[in-house]
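Presented below is the structure to which this report refers.
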Amino acid sequence: MFRLSDFNYHDKVIFLRADLNSPVKDGKIISDARFRAVLHTIRYLLEHKAKVVIGTHQSKPYEEDYLTTEQHAEILSSLLGVKVKYVDDIFGKCARDAIKALKPSEVLMLENLRFAAEETKQNPLEYCERTHFVRKLSPLIDYVVNEAFAAAHRSQPSLVGFARIRPMIPGFLMEKEIKALTRAYESLERPKIYVLGGAKVEDSLNVAENVLRNEKADLILTGGLVGHVFTLAKGFDLGDANISFLDEKGLIKLVDRAEIILNEFYPYIRTPVDFAVEYKGERVEIDLLSDKQWIFDERPILDIGSRTIEKYSEILKEASIIVANGPMGVFEIEEFAKGTVEVFKAIGESKAFSIVGGGHSIASIYQYNIKGISHISTGGGAMLTFFAGQSLPVLQALKISYEKFKNKKELNQ
């Protein structure tokens, strides 16, 4: 792959594909974490007198947080200390005229890329490069800088479509993500522990199967809905309330697959031994072997219990490499943040090289000011895809672009 230092950006138009997709409450963006993650790259380009055109998506059609990128431009302006112009267009005449009008060290924010139908579909690179988006903008662009690691598992026009048309370069964030994840995956340091929580159960099953089969993990600790599915696969009854919830989410069908994985790797997958529910207005912890399991019929599980936290924390202390994705429970409710916070604190306090990823995981880390984690990944789905051993279209596109343009005359000039 290229590096940012390979090119001269003076007076060049750079399309910077970022992933600034952020949590929203009451119509307002409530986290600037992903904005801060790309500041280094933007500042580098501005210092080298580039004309920077930023493209990002925000949510997807019909969702409440499917907003314009006007707020994104305002937040970025505030963080950069530089005016970021916003244009409510993507590749139409208004957008193209705004790009043509840019001067060196100026920044333009395009409209939410998913307002264009082409950006809501996934297609091979060959199709993406023939879209209106790529055909209209490529004549105006000199280089593409890709910082959208969080979307690296998607194959959409803005993410891969320019790869064979213009040199596509990983930004500092993309480079950092690839380096950290590769180290964790390939490292021979032991023990290597994976912590899989949250709601992306199928993706987590893919990770568990891949890292255990290829001896990339010594132990997997589970929580969140991932833990629920593995607990059911072990034959425990989690009650009507929880089984109904998993069924509504389409996750019950994954119990059989979890059971197959357990049959092959049983000693290496740990599940919670107790859970926490809300009962009569309080946090109540129920041991799986106790006579109080009837509460699971009435109350949904909201967190792992104290015994599980203690067991997981002891295991994490001895780790050399830790990869964690997803919370242990419903951390948004303070009484049920305990599992997530304590497990992530244990990760931070360990001597291990540690990676934590996933939108909810990142939110909990910042909310509870957890320190000591080696690398906080901006990617959730992309990170899981990587550790599942599957190809990431954006990384493939970066390699394709390098092969196409590595002998280009402008290189290093």
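Just so you know, glycine gets a Cβ as well, placed from its N, Cα and C.
Cβ contacts within 10 Å of SER59 (substrate binding site), excluding its own Cβ and spanning all protein chains shown: 16. Taken from Swiss-Prot, the feature substrate binding site applies to ASP19, LEU20, ASN21, ARG34, HIS57, GLN58, SER59, LYS60, ARG114, ARG154, supported by sequence analysis.
The ATP binding site annotation in Swiss-Prot covers GLU332, GLY358, GLY359, HIS360, SER361, and the record cites sequence analysis as its basis. According to DSSP, HIS360 (ATP binding site) is assigned to a helical segment. There are 21 other CB atoms within 10 A of the CB of HIS360 (ATP binding site), with all protein chains counted.
Local packing around the binding-site residues ASN21, SER361 was summarised as the count of other Cβ atoms within 10 Å of each Cβ; on this measure the leading residue is SER361. What surrounds the ATP site, by Cβ distance within 8 Å of the Cβ centroid and not counting GLU332, GLY358, GLY359, HIS360, SER361, is the set GLY198, GLY326, PRO327, PHE331, ILE362, ALA363, SER364, GLY380 from the same chain. Separating the Cα atoms of HIS57 (substrate binding site) and GLU332 (ATP binding site) is a whole-number distance of 25 Å. Reduced to three states, the DSSP call for ARG114 (substrate binding site) is helix. Of all the binding-site residues listed (ASP19, GLU332), GLU332 has the fewest other CB atoms within 10 A of its CB. Of all the binding-site residues listed (HIS57, ARG114), ARG114 has the fewest other CB atoms within 10 A of its CB. Spanning the residues ASP19, LEU20, ASN21, ARG34, HIS57, GLN58, SER59, LYS60, ARG114, ARG154 that the record associates with binding substrate, the maximal Cα-Cα distance equals 18 Å.
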